[in-house]
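TrEMBL has this to say about the protein:
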- C:8-218: domain 'Cytochrome b/b6 N-terminal region profile' (DOMAIN)
- C:36-58: transmembrane segment (TRANSMEM)
- C:84-105: transmembrane segment (TRANSMEM)
- C:120-142: transmembrane segment (TRANSMEM)
- C:154-175: transmembrane segment (TRANSMEM)
- C:187-210: transmembrane segment (TRANSMEM)
- C:221-391: domain 'Cytochrome b/b6 C-terminal region profile' (DOMAIN)
- C:231-257: transmembrane segment (TRANSMEM)
- C:299-318: transmembrane segment (TRANSMEM)
- C:330-351: transmembrane segment (TRANSMEM)
- C:357-377: transmembrane segment (TRANSMEM)
Amino acid sequence: MRLLRTVLTGTALLVSVSLTSLPALADTADDPIVPIQKAPPPTEPPPPMRPEERGLMIFQQVCSSCHSMERAHYGDMIGLQPSVTALQHWAQQRHAGLESPIASPYPSVAVGKANNGGDYPPDLSHIARTIRGGPDYIRQMLAGYRPIPPGVTLAPHTYYNPIALTHHHKFKMRPPLHEGMITFPDGTKATIPQMASDVTAFLQWADDSHRSTRHFIGTAVLLYLALLGGVLLALWQLLKKEA
Amino acid sequence: MTQKHDASIPHPFPDEDASLLPRPTRRTVLTAGSIALGGAGACTLAVPFLDSLRRTEASSAASTQEQAVMDISVQDLEPGAHKVVVWQGMPVAIQHRTADMIRALEDPALLAQLADPQSRMKQQPHEAENAHRSLRPEYGIYVTICTHLGCVPDYKDISSLPASGGFFCPCHGSQFDGAGRVLRNMPAPYNLPVPPLHFVDDHTIRLGESTLSPHFSMNSIQQL
Amino acid sequence: MNDTIPPSRGWLSSRLPFLKPLCRHMARFPMPPVNLFWTLGACLMVAFGLMFVSGLFLSLHYQPDLSRAFDSVEAIERRVPSGWLIRSIHTGGVSMLFAALYLHVGRGLWYGSYKALRELVWLSGLVMMLLFMTTAFAGYVLPWGQMSYWGATVITHAVEAIPGIGHGLLVYLLGEDTLGGIALHRFFILHFTLGFIIATVIGLHVLCLHGTGSSNPTLDGPRPDRTTRPFAPFYVVKDCLAVCVFLALFAILIFFLPDLLGKLDNVIPANSLKTPADITPEWYLAPWFAMLRAVPSRLGGLIAASASLLVLFALPWLDRSPRHNATYRPLVRLGMGLFFIAFITLILAGMNGATPLWVWLSRAAMLVWFLVFLVLLPVSAYRERKITGSSTQGETP
């Protein structure tokens, strides 16, 4: 009964949680834990982060200020950011909840276009799969901004990027990455190629979150089938001889 | 997979039967092995299918965090009136009692009819374990979900004792008094739960948070 | 009737008296010396079972609603626990199923499994193939991505080519003028229901097969082998072994090559104002798409595509030769070889753009398709019947 009720009220609960509960959380849930919490010893190095985890940080702080990721919910990022509180906080900043899609910050396509030199920032849900050139293109393009060469004139809100495929290198996306713009908790230096590669890893993850699990299960299934096939083959050979 | 040829089928080489005597061991082992492996594989295959019926990871992580709070204004509630609000998807009845109603809750004739008149079952925070089963006597606040099978009881006075108010569950006829206490010999085993709450001011109730028993939540009650 | 329980029988067999004879029949079912192509039926059974179960579980999470269909599929991929795995079984399974299905039908064509006494096996199998094609098409519409929408648009508009009633029929089937929410709901119900109908037809197919027995690939050869052996345990183990190999290929497809056969554009929600640049059907429906495209007239294309399937139904009566195995029928061997090449050509043509080369290749392939079945097979059968006289060489029933 209680389980059923909990399931039924899940949605209502989450919405109300996201609106009002952070102070309550600190009061009720965390209070008894605080006294026994110990600070980690200062000598211990911070845990290493996966590239897509760093990529999520870049997405949260940089990409999502123009791009949407409509197919994913804020809560889906739990695969990269295990702290629900942090995800709730991020969603609240954008006036959303864990179960809302990561929507475009622009109220309409027209506003988005007007803010970006006439090109609407595309949705990033499956960009790693659908963009021409795939992840390699994204990685190189993000790090591909160059100073304007002599003889090239650029319209306002246009940036020179010889890798970009649209508008003959006169790209409408303003250079998103700058040296040291993000401090990664694992100590990785935020260079432009590093961030370009991390954010690409994140976009690949967003397109296909289960890649590594899939390969793992696939290997296990094949090993199992090899074992079963071996036993069956032996049995078959035996039966062939017997008959 | 049968383990041996049926005896009624003529064996193509009957003479060889004798020389096959040591064979069945190997064959039995291989047959049993493939059946066991195949069965294990089929069971493993069922795992993702059953797994898909689970709730999503983000929602279960969020739901274990804490419970929601909700502020309700009772300024508009005249004495004798009541209203129902929805808190965490549950109907919560709020009644503003008159002095007569409060008095009626302590009527020995009523108490004699109740299954748990002293609220011994943990269906409320301890500050509501009193004669009027609420934080303040003039406000009765109950989660109106029948403790029998989860239907929603509606207001209906107990016919013999109309002054005390009451709730009536349409599904199996459980009756509760105006303080959500179940009558004797009803299908419902427990009183209606009292949610955790406190008064922010005289006219505002905050549901979901109790100042007197901070660890009380809807998960602590006996049954919902 | 006598209601006393015979003490010698078990609880179940006294209440289901046909159970034991049925099991015995299955176990002792006499199998001729068949080759590996006869394991495809078991593979198909497993593939169908996986499709059925994964489909049922997907339908728990899918929402056949215009505004929510695409998002519910994304939810299955992203947040339903193990949803991505179940969906990959379903989307990869359809390719595995059709691959095994076409090989199974091809085996029937090559070894003459459609011939006298097995007509019902052949016909029920063909009905099942049509049901599978319809189910696959309806299922492909459900995610409501770009490819779903435009594939459904193209195919449903082929219906419009039927003279006189075409447009009316289209509107009747779609429930409105354009492909929309009503049609999506219908496609979902159709897809869901067909799964159960196919399960029934599978039962009929197996029932028909058990009436006549499996065909024998050695009969027309120089050394016919008429010995049989019981289905269990030898053929059970052989089928299991084949299923193992089939599942390994299945696993490689869904776990390591998920994008091999998938269409990238289907991760973009349907947009009724923008047709994707490279619109092609899934490979298993590509031959008929190529036919629709190869015939200049819309009605002609529809007739050609339908006739190409209908001609298969007439096969038992087009080829009445007593010989079965194409290996030992030179003319038929040539014809079947050409037909298989034509079929692969049509698959490739359907999956490639409408360039003149592919259009002409598909026209040639269609010509081969009809020539083989309508001319070559009857002629060859006529000659063989004259040579062998009225003596029945083939199998004895």
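The backbone N, Cα and C atoms fix where each Cβ goes, and this holds for glycine too.
Just so you know, TrEMBL annotations never went through curation; they're auto-generated.
The recorded stretches the transmembrane segment (C:357-377) and the transmembrane segment (C:299-318) share 3+ CB pairs below 8 A when only pairs 6 or more apart in sequence are counted, and are therefore in contact.
Highlighted: of the candidate stretches C:84-105, C:120-142, C:154-175, C:187-210, C:330-351, C:84-105 has the greatest count of Cβ pairs under 8 Å to the transmembrane segment (C:231-257). Tallying C-beta pairs under 8 angstroms between the transmembrane segment (C:84-105) and each of C:120-142, C:154-175, C:299-318, C:330-351 places C:120-142 first.
For the domain 'Cytochrome b/b6 N-terminal region profile' (C:8-218), the model's average pLDDT works out to 93.
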